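Feature list (source: Swiss-Prot):
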- Cys844: active site, phosphocysteine intermediate (ACT_SITE)
- Cys36-Cys115: disulfide bond (DISULFID)
- 22-135: domain 'Ig-like C2-type' (DOMAIN)
- 142-235: domain 'Fibronectin type-III 1' (DOMAIN)
- 643-903: domain 'Tyrosine-protein phosphatase 1' (DOMAIN)
- Asn28: N-linked glycosylation site (CARBOHYD)
- Asn153: N-linked glycosylation site (CARBOHYD)
- Asn194: N-linked glycosylation site (CARBOHYD)
- Asn248: N-linked glycosylation site (CARBOHYD)
- Asn279: N-linked glycosylation site (CARBOHYD)
- Asn362: N-linked glycosylation site (CARBOHYD)
- Asn480: N-linked glycosylation site (CARBOHYD)
- Asn488: N-linked glycosylation site (CARBOHYD)
- Asn519: N-linked glycosylation site (CARBOHYD)
- 22-564: topological domain 'Extracellular' (TOPO_DOM)
- 586-1159: topological domain 'Cytoplasmic' (TOPO_DOM)
Amino acid sequence: MPRKHFIFLIFLFWKFDSAESISVTSKNATEALLRCPPAENFIRTHMAPDFETPRLVRRLDWFQDDSLVASYQQDILADSSRQWWVSDGRYQLIRPFYTLRVSPVTPEDSGTYRCRLETDPLFSSPQSTATQELAVMVKPVAPSSPEIKTFTNRSITLVWTHNAARAHRPILRFSVSVRTVSDNTRFVMAAPSNATTVIVDNLSPYTLYAFSVRAENSAGSSDFGPETTFRTLGESPNRPPQIQKIRNITSECVEVTITPPDEMNGELDKYLVLIQAVNETIPRKMTFDKPTSTPLTICALSPSTDYALAIEADNGFGTSPQATLVFHTEDSVPNWSPSTITTLPVVGKPEITVLWPAPPLNATEKVIKYHLYYKAKNEDQWKIEHLNVSPNGVKSKLFKYRLVDLNPNTQYRIRVSASTIKGEGAQSADSVAQTDVGEPGTVTFKDLNFDCKNGVKLRWNYEPSVNSKKSPTFTVKVTNQTTSLQFNTTMLSLDIIDLSLYDEYTLRIIVLERSTIDNSTILIGKYSDSHQFILKDKCSYQSSFCSPGEKCAKLTSSAGNPRYISVLIVIFAIIIFAFICFVIVHFARGSMNFKHLLKKKEKCVYLEEISPLVYDSAGQEDIPVELFYGYVEDLNRNDSLKFKTQFQILESQTSGIDSVDSGESNSSSDENSQKNRYNNIGAIEATRIRLNSPTGNDYINANYVDSCNERNAYIATQAPLPSTFSDFWSMIWQERSNIIVCITNMVEDGKRKCDQYWPSQQDSPQTFGNYQVTLVSESTNAHFSHRILDLKIAKAVPAVERKVHQLHFMGWPDHGVPSSVFPLLSFVHYTSDIHSTGPVVVHCSAGVGRSGSYILVDSMRRHLISFRRLNVQGHLTHMRRQRAKLVQTLEQYIFCHEAIRQLIRHGITRVHSDLFMRYLHYLSEENLNGKTRMQLQFEDICDCKHQPRCLIESDVITLPGYHRSDEFMVGSWGNECEDLWRLTWQQKVQTIVILNQRDSFWRKLPSCIYDGEIQLQHGDNFVLLQKDDQQLCVRIVNVSRADLDTDFWREIENVQKQRITYHDAPLLILAHKYPPSVPSPTDSTSTLSLSILFNDDTALAFSICAATTLACQLETTGCVDVVQVLSSYTEIQCGIFASKQEIEIIYEKMSQLVGGTRV
């Protein structure tokens, strides 16, 4: 066992004959020296200076409580060494004054000590004694466990008792240990003086504490005594709970994920929820008792409605402040059907106008489409038409739709249903209507017989309207140069007399029918074709049609009118003149400096024609543009060994930058650290943005970052926190920035990465501090969103507004990289087309990894326009000295090099429509190896590098479009099958395009498939799928190769017009897959005919998808990026484009669309 060192404090109280009292203290407690004053005074008075002679002391004894412990006797023995005696080895008499030394002392040594002195009888005081008290002090024992006297929610009064023995007194002080039981943290506080009570304050509410006491004296401290545990009173939480996520689970229910307040001040007992629709006046109250970590489910909500949600946490002692959120419930299938269907047959046409009222006032669903089902009385299958409506458009009180191409004079049953984005609601009751007979048709002349005098017998044929039950009336007009005769008849023949010989007559017949809807209305048809005849003598005549056996000569029409020929000649001459002017202007523009055009910022250019960048950075290697492609390949060798080495050097050179501050750095203060989204990511002091804040706190987690040739070209910052929204917009206003680049999603992997600092709805401004932000417009495609925001000072007079562009790229994962560089490059080029008025603000979540990658790539892009050398590593080192950890991972560092490499190799592939023909001409030029740039583009992006070559084995491939990442699906089913309709139902496909439909495609499947759950109903151009009470109407569009060859874009436009939901649902293209064959990459055709080029319908389908995507991009942005589409398709399926000709046809079709011809 280790030695225990006791510290003894020794008090000596002397008492001798002269009544003198002396006290002696030994602080180290290793020994006690007890003086004998009578002996000392005697020796000093009567003996020589050496205190040894003459020997006048005859005897001296030391007693402890009357027990002899040490003695000196002068004449007891002849042996002088035996004249000294002690009872214990710890005792020792010290000459010359006979001081008693006790070493070491123990608590048993305490008591009354007495020295007795015997001297020579010649002296006046032959005997003298002195007494003293020796007290040995030890560390005290621990006090008892404290008792609770009074308490509150944040303080407690303790009292205790302490039985101290004589060896323990005096007690100098008591100390109290306060331990938090939950995390075992503790602190010690001293009681005032040596009182046995103390008030412990500054405690946390509703917290279990353990209290114990120790005593302290001059010898030391006791151990802490037994603990007393006690829980303080609770109080209402002082912070609101946090709403982590809200999710629509149905149209009437939401799921809210809540975390309790950070300082609960008690056990969570329940959540109090207040929810109120925006158009309601009284909120609905809900209580969730004993909540757990599982989300709360709130139901009985109205679909497609904005709700205000407030949640309070209750711990039994009170409620917390409210956590508030505004959310929008999901739309639902309408639970109502259109009522009061009115059908109005159209007079004179086999058409019916259908009228129905708007949804009920209590209906909250946003109707996007109405479906009209109709069928004739004798038909079995329903036909369907659709009326698209805008949910955000002008609210109409009455809807109208006209059914056309109906059978005349036929009774129809009509139903109407409404659809939201979630599906179709119930159908209305049948409404019955009868169509009119329709416009009368025309007659066809049968024969004309001459009576050899002055009359003719005319006969004709007429096919009456279907279901027409009334006899028509025929009006026959006979005219010559001087007279006009008109005859009415209900017969199919007419005798005409009193005609002149040798006059040319013209015959025309019109049909009249009475409307079956309105008996007072006469329907007038169109005149028949004109026929001429001339009567002559001897029973002969000329006619435009002759009856057999008659003396009739065929009457031919006269030559064309010279006036019309003159007009045609003039029109032809104008066309020739316009064509010559176009050719002159075209070649005149071609002589302009192409490179000068490419340098215009507002145009999309192809970069390889320009000299790229150099960045002069000491100690780093400058790479010529011509060698950069091979330089990156070299870095990639041996599992990217050189990349790893470079990145390690970069990390070592910038490893200490993240801790840079000067003196008392603002970023290190408690107030500023609360403004950081992540504890380890702050703003470097030297380059941070300093806000002009009236509060005096100028900190925001943002830094200036230079481009290669411009200081403070960018601002890299974190995603703003709700508490820093006002600081963020203050920075935008202060720095006059009008471009915000956001490269993160709101939530990633279930974690909040960014809080929404802009309004969700247009014309619904939100105020952040002193600034008001309004969403002006928002456009979204498959990769990013472009929002235009209106920023102004909220209460400024007069109001000053600024337009701010927010570009939100959504395809970059946190700590990762996109699968392809081309969507990012296209996004960078799109952003660069916007004129900036200040630094470009870039943020992801922390503002270092993805933000740094974007800034690095865009900085290289800017300088590649003017320089032909670049230094990526050197510039990134410079950037990291301005904001720590930019380009955070090795994977991002490699990705930036790959993006710059592809930028150099393929240039700016997002080409403006004005420059597309020149760009196409540029691709057709050959290099020194005899290959065109288009061929190199195909080999680099599309060509399959694997052996054997990759083949498409899946029955269906999902491809991205301009609007969605799953906009197209290409299936290779050669026949109708259950898998086809199962996919259609699961993906909610509403339009199917069949390429080159074969007669054997439709197999007439049974009416029930998919385990009997889905019912099929085939129509003329649609298939109706039904499951329970849900229906899905799928329009079938047939497209042939011949039609595509004749007019490609007319067929594409026709497909787009017939899409039921346009881009809201995938477009499924069915193409027959033929046995695989790999065309030679050098095969070529001068006409690029679709029939010759594509020996497989699936390849044609892929090109249709790509062309449609590019057409949408051209229509929306005025630019085309073919490379981005090719790379995204190849990323999904290697070898999807088998030859250069397949991408050449895409360029060919895009050139037609922008108004050019093939170069």
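Residue numbering: from 1, along the chain as shown.
Cβ coordinates come from backbone N, Cα and C, glycine included.
Features as recorded by Swiss-Prot, highlighted on the structure.
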residue: Cys36; record: disulfide bond; DSSP (3 states): coil
residue: Cys115; record: disulfide bond; DSSP (3 states): strand
residue: Asn153; record: N-linked glycosylation site; DSSP (3 states): coil
residue: Asn194; record: N-linked glycosylation site; DSSP (3 states): coil
residue: Asn248; record: N-linked glycosylation site; DSSP (3 states): strand
residue: Asn279; record: N-linked glycosylation site; DSSP (3 states): coil
residue: Asn362; record: N-linked glycosylation site; DSSP (3 states): coil
residue: Asn480; record: N-linked glycosylation site; DSSP (3 states): coil
residue: Asn488; record: N-linked glycosylation site; DSSP (3 states): strand
residue: Asn519; record: N-linked glycosylation site; DSSP (3 states): coil
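Ranking the recorded positions Asn153, Asn362, Cys844 by the distance of their Cα atoms from the Cα of Asn194 (N-linked glycosylation site) places Asn153 first. The two recorded residues Asn519 (N-linked glycosylation site) and Cys115 (disulfide bond) have their Cα atoms spaced 154 Å from each other.
Calculated from their C-alpha atoms, the gap between Asn279 (N-linked glycosylation site) and Cys115 (disulfide bond) amounts to 104 Å.
Here the domain 'Fibronectin type-III 1' (142-235) is broken down by DSSP into helix, strand and coil counts: 3 helix, 42 strand, 49 coil.
Closest to Asn153 (N-linked glycosylation site) in space, going by CA atoms and restricting to the recorded positions Cys36, Asn362, Asn480, Asn488, Cys844, is Cys844. Cα to Cα, Asn362 (N-linked glycosylation site) and Asn488 (N-linked glycosylation site) are separated by 60 Å. Here the Cα atom of Cys115 (disulfide bond) is found 90 Å from that of Cys844 (active site, phosphocysteine intermediate).
Its Cβ placed at the centre, Asn279 (N-linked glycosylation site) has 9 other Cβ atoms within 10 Å. The average pLDDT computed over the topological domain 'Cytoplasmic' (586-1159) stands at 83. Put plainly, the glycosylation sites Asn362, Asn480, Asn488 were compared by Cβ crowding within 10 Å, and the winner is Asn480. Sequence-distant neighbours of Cys36 (disulfide bond) (same chain, 6+ residues apart, CB-CB distance under 8 A): Leu60, Trp62, Phe97, Tyr98, Thr99, Leu100, Cys115, Leu117, Ala130.
Every protein chain shown contributes to the tally, and the Cβ of Asn248 (N-linked glycosylation site) ends up with 17 other Cβ atoms within 10 Å. Cα separation, the residue listed as 'active site, phosphocysteine intermediate' to Asn480 (N-linked glycosylation site), rounded: 86 Å. Cβ contacts within 10 Å of Cys844 (active site, phosphocysteine intermediate), excluding its own Cβ and spanning all protein chains shown: 27.
Comparing Asn488 (N-linked glycosylation site) with Asn248 (N-linked glycosylation site), their Cα atoms are 72 Å apart once rounded.
Secondary structure at Cys844 (active site, phosphocysteine intermediate), as computed by DSSP, is coil. Separating the Cα atoms of Asn248 (N-linked glycosylation site) and Asn480 (N-linked glycosylation site) is a whole-number distance of 79 Å.
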